[in-house]
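S.K.: Quick one: structure below, then a few questions.
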């Protein structure tokens, strides 16, 4: 074969008139085209009349180019039957990409049918270049180039019909693979046609110069040429052969009118002002007005309860004080019996088990997903930047001038490649060297993966992690310009066409990762705008590991690999030659850092408890004289009180360990603090009452202890029982962490009270015996000569409060101010409650200085897309029916409101739906795999394997798995759909250039009948609020899809679609945490009212005032949380439940002291309660908690600083303010009637330590 160029001859002889052909029949292969996917057959130059078609020739034209059919006997054309067959083969490859939109495929075929077969061929094309080809001694002139004239109306409409056609496997557009260097973003009609006419594209057999001519323009057009202006179909039109309109996902014009999602609810306003503020102001005015108009109401009380409790505890105290050693021994035995359960204690550290209830919707959905699919893989990631490194401009032969940032540099990519190959270690569990392949997620070869099967996503994967590919260079000629192309050209092409198996450069490298899947650009680079991937500011390296069950030996190996990964990365970060600034994380990092900071902050808690102990030991002493300091000190009593608290906590933990209820680190941190607050208060009340009491004549020490216990134990019982019942009811919470905390706290508080009534009374009896004998503490054999004073020791706090604080507080003017101020605080806090932030941002769980904080900073700055989310279908849906397939696909013929289409609609409103990338459909992939237009599914037509599946690389595969449908809607019947051989091959086949569909089904469909899933992507989510809103919207979308799919005949009514991603299980709690919190706190408040009423003899008024004050403390706490930036979450809820318990200590003692006072007026009784009980509460609760809380400010963990230091400080200060300021004033106004106190006074005088010295106050009747 020989050839030569004869261009002048062609141009001179060309004539353009209707009914004539410019070329006809095939002349052979184009010798100037190499590397084509199809044989580059070119036509013979042949100026002649169009041929009339008959028989097979006519039938072939009707099949390939139906738009030229004018009926048999009336149809003429300029193409032979051979040309029609070659054209059919060429169109088949393009239709494999475009067939999702039949009108687009029809328009595409229309153009090439006009160029090849039009009977008026010479009026639309102008041959510009020919060569002579000699075959079998015959010289023929063949066409290798021509101009094709098209009207812009036809060209533009054809382009519009195709520009939105998608390739489901990539989520990208088909036009991106048919527009060369411009991709989909910069593609235009002219650029699209230019690519089609470029013989170097691997499909075109010759060069076609497409000239797009606007209507009415004649300049520059050869005589006789009329730009082709046939009718192009819109993508929302059916084809003449009856093919369906394109789907909405591929054609915007086909989309039904879908109303945009409703915008977020407008803020509640009244007259343009914040509605909550207006209501709170009105409420404030009403309360103040009601207070000013208050009229005292009558009430009644009963002393039966007080007499019963007082006498019972008096007898019990006398008994215990008489046998202290026996009681201590019995207490120790009981405590030890409970505490031995600690040998079986189980600490829950798994965040999923800690914060998500086993029967919660998110856990059920997670378990369903993990059962039918592999658990969500473990992510290990680095985000690398190179700040300050200069970028450069690259003038690409194919893509023009491109701006490359400093991080997109060859030396840095090579450095990253070296880094990602380092990790291997010796595994004791495997008894050999272990590497990534032992634990990696290998989607294409999970049974026996090699390193190249591991799912590692990074920029070097565009070069298959090959240094040779990265270094490859080649000279390339494009449009007469020759330049060197290198890794940059390949990178530019791949980030725009990640599914390509061969780029358009002469490097001819694949873009697919070495493990066989695409690397989407948002997984390889970050910090870019729009699609400017070359300007990215960060490289992303992600290792995906299998998420083995925790009892699997490979789970330990995965943890070892992750630890080795962290060690290498941290070592690399410190190396002087490191060119990167980067952040990193492993799947184990969150749990590791939380556990690490808990261990590191244990000394802080120990110091906190030590400070509290020192305070208690010092504050309990009487200190009447310097010589009696060691006698009057209460160091051992304080130590005993601390031990009682510790034993109660150990007993509680041991008991629950016995019965199999797991503990957690938060229990270890919070419960001792809570019980210490409760226990210290009771200790102070008991000891101070004993110190302030005088022994009656002839009264034994043990009887005195019993009498004092009878006076104060009912108050101690009131608080302890209220708190314990409160916590037991709090265990009704659905949150595992809150539930276990409530159970442990309830029993610990109850055990603390029991041990105080036994062991501590015994300890006080022994200490009183020592003190009465003038023996020194810690040196009991040493006695002092100075005797104890006969007058009871009141200390300095009681006289100060009696003389100064109480009179000032209860002054008439002060009382009004206090009520108004606290009502204002309460109403303000109600208003602020509506604006408290709900959630827990994950960085707050990390200690200060943690490497994870830097990772979160990089994550939020550089990631462009959020976590993948799966829409999972349960069993009960008939995928084999036509309606079933149409309800779950997004190609031609699919329901415009199918599952995938609804997700697509959601992605059009990312700010409202939090959906960024629509879902792929395995149904589309399966249908495309069966497509007879591709080489994916074929059968042997002859030979021993006839009728069996034929690989894409094999020959003799003349039979297709399915026939081409007349309406363009390809759907397998039930038999074809259920053919097991097809499913096995579909799930396991390896993609290549002939079978261009990515094997997503391995990832998205494991069990067709039991469960399937469709993967989409959320937008980049950064805060708890966004994660929670994304979950809520995804569930609403899935519910809408469920209802639609249930309406399809044959669908079970328990069929469901639900969304799942790895974060949902953590953020589900925030959907209900407000109502859950109100429920739990209400349950805690209820017993405080009921127990108070019962133990005060059905004193409803005291119970109501007690309850009101505790509610105000809780509400004010939430209000201060808003002001101080403390988020409301499960940890905060635990502290709010604790706040109720601590508030009981501040309030209930004061309420009972007021109720039992024998003073004649409300104000006098309030003064007495403030001085006597207020001083004990201040010393026992406020001053016990505050020193320990302040120490927590030095903890490293942000959680401890915020939710233990800040929140507990707020709780303690507000409790102290309400208990010692507001409650006495409230009682002075609204306490019980004076007439009732006469009965109480009589009882009190009878039981006073010295009846002769008890002050007598005349009983006054109240004035109404």
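Including glycine, each Cβ sits where the backbone N, Cα and C put it.
Nobody curates TrEMBL annotations by hand; they come from automatic prediction.
TrEMBL lists 276-295, 602-623, 635-659, 665-688, 708-735, 741-766, 812-835, 1078-1098, 1104-1124, 1131-1151, 1171-1195, 1207-1230 (among others) with the feature transmembrane segment. Summarising the annotation, TrEMBL assigns domain 'SSD' to 601-766.
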S.K.: Decide whether the stretches the transmembrane segment (602-623) and the transmembrane segment (665-688) have at least 3 CB pairs under 8 angstroms, with pairs required to be 6 or more apart in sequence.
M.R.: yes
S.K.: Take the transmembrane segment (1104-1124) and find every residue of the same chain, 6 or more past its ends, with a Cβ under 8 Å from one of its Cβ atoms.
M.R.: 822, 825-826, 828-833, 835-837, 1081, 1085, 1088-1089, 1092, 1132, 1136, 1139-1140, 1143-1144, 1146-1148, 1151, 1206-1207, 1210-1211, 1214-1215, 1218-1219, 1222-1223, 1226-1227, 1230-1231
S.K.: Using Cβ atoms only, state whether the transmembrane segment (741-766) and the transmembrane segment (1207-1230) have three or more pairs under 8 Å that are 6 or more apart in sequence.
M.R.: no
S.K.: Could you check if the transmembrane segment (708-735) is in contact with the transmembrane segment (635-659), meaning 3+ Cβ pairs under 8 Å among residue pairs at least 6 apart in sequence?
M.R.: no
S.K.: Per the definition of 3+ C-beta pairs under 8 A with sequence separation of 6 or more, do the transmembrane segment (1171-1195) and the transmembrane segment (665-688) touch?
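M.R.: Stretch pair touches.
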